[in-house]
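Engineer: Dropping the structure in here first, questions after.
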Amino acid sequence: MSSLPVSESEGEGSGTSVQVPSRGGQVTPGEKAFSLRTKHVFLTYPRCPISPEEAGQKIADRLKNKKCNYIYISREFHADGEPHLHAFVQLEANFRTTSPKYFDLDEFHPNIQAARQPASTLKYCMKHPESSWEFGKFLKPKVNRSPTQSASRDKTMKQIMANATSRDEYLSMVRKSFPFEWAVRLQQFQYSANALFPDPPQTYSAPYASRDMSDHPVIGEWLQQELYTWSPGVRRRSLYICGPTRTGKTSWARSLGTHHYWQHSVNFLEEWNCQAQFNIIDDIPFKFVPCWKGLVGSQYDLTVNPKYGKKKRIPNGIPCIILVNEDEDWLQSMSTQQVDWFHGNAVVYHLLPGETFIPSE
């Protein structure tokens, strides 16, 4: 079963729960004393054969002087066949106890939490019940912000997004209109500012002139057939260059036109430039290149799953220039089938001894 959300409160009356001490109720060194103060309680009784009706009546009897609004108890079975109970309790006012055994049913001790999202907690309890018991009527907690207030805040935020002309101006307007949110959620506003006002793609400036490779028998042919001209509707082949360091490979490749450049790791979190003519994969071991067939094979659309971001679909259809040194030769890390596929989708070239992309003086 999915884990229960216990983050922000949906309304009034949220409380805090401290981890329960060990079964004997004794507080061991380094362990916090148990304390619960809340209007909404969520209980889980593992490996408990008591019926929901019996459990509910016992809990209701225990809370008879506490102005209890609502109780819901459900029974579920784990994959091993053992039953467990979920209980949700709603009271009129904040309930407080420092006894970790307050909700014990006979010898069965529950996990106790303050239900900070009452409606979500109740929905969780009702997800897959084998049987259930209910008492009273659940009262949805009041939302702290009225619809009018929410509409006003949304309107203000839309105006900020429409009128801001830069990241700094956007953040300044947010700070002025929403000072508390700006203080506690600055990182989120910075993220949205970067999304609204991304950095323009940087134009690469080569540190020195590179050798003209248009007459090279292998590289020149690739430039002409796969980069400068190509047949529409036909996936283009990539270029793989393996050779020593300090031969000018990177500077030459980056001077060919607008491109995506990845060194040491492929980062799909960066802004995707739809004007890029090719991708450059520089000094990245084969095993660390995600979607390598999609990139090398110039597939038109790629579905990527960045490590710290959401899965997304990006347009591609452009070839790669892959640059490696001999100690990271991709072909040495591939299976026979992968090598065959690679040769079918990329022009492979190993620099000859003394060959360089740096023009002679």
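The backbone N, Cα and C atoms fix where each Cβ goes, glycine too.
Annotated region 'Disordered' per Swiss-Prot: 1-31, in sequence order. Positions annotated as motif 'RCR-1' by Swiss-Prot, on the basis of sequence analysis: 42-45. Feature annotation from Swiss-Prot assigns divalent metal cation binding site to Glu76, His84, His86; the stated evidence is sequence analysis. According to Swiss-Prot, the feature motif 'RCR-3' maps to 124-127, an assignment based on sequence analysis. The feature region 'Oligomerization' is assigned by Swiss-Prot to 192-204. Per Swiss-Prot, region 'Transactivation' is recorded for 266-285, and the stated evidence type is similarity to another entry. Look at Swiss-Prot and you will find 307-317 tagged as motif 'Nuclear localization signal', backed by sequence analysis.
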Engineer: Is it possible to get the count of other C-beta atoms within 10 angstroms of the C-beta of His86 (divalent metal cation binding site)?
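Structural biologist: Result for His86 (divalent metal cation binding site): 27 other Cβ atoms within 10 Å.
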Engineer: Taking the Cβ of Glu76 (divalent metal cation binding site) as the centre, how many other Cβ atoms fall within a 10 Å radius?
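Structural biologist: 18, counting other Cβ atoms within 10 Å of Glu76 (divalent metal cation binding site).
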Engineer: Give the residue counts of the region 'Transactivation' (266-285) per reduced DSSP state, in the order helix, strand, coil.
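Structural biologist: Helix/strand/coil tally for the region 'Transactivation' (266-285): 0 helix, 5 strand, 15 coil.
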Engineer: Looking only at DSSP and grouping its letters into three states, which state does Glu76 (divalent metal cation binding site) belong to?
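Structural biologist: The residue in question, Glu76 (divalent metal cation binding site), is strand (DSSP, three-state).
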Engineer: Could you tell me the mean pLDDT the prediction assigns to the motif 'RCR-1' (42-45)?
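Structural biologist: In the predicted model, the motif 'RCR-1' (42-45) has a mean pLDDT of 95.
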Engineer: Just jot down the residues in the same chain as His84 (divalent metal cation binding site), at least 6 apart in sequence, with C-beta under 8 A of its C-beta; none if empty.
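Structural biologist: Result: Thr44, Tyr45, Pro46, Arg47, Cys48, Arg75, Glu76, Phe77, His78.
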Engineer: Which are the residues of the chain, Glu76, His84, His86 excluded, whose CB is within 8 A of where the CB atoms of the divalent metal cation site average out, their centroid?
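Structural biologist: The answer, listed by sequence position, is Thr44, Tyr45, Ser74, Arg75, Pro83, Leu85, Cys125, Pro129.
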Engineer: Could you check what DSSP calls His86 (divalent metal cation binding site) once collapsed to helix, strand or coil?
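Structural biologist: Assignment for His86 (divalent metal cation binding site) reads strand.
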Engineer: Summarise the motif 'RCR-3' (124-127) as counts of helix, strand and coil residues per DSSP.
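Structural biologist: Once the DSSP states are binned, the motif 'RCR-3' (124-127) shows 2 helix, 0 strand, 2 coil.
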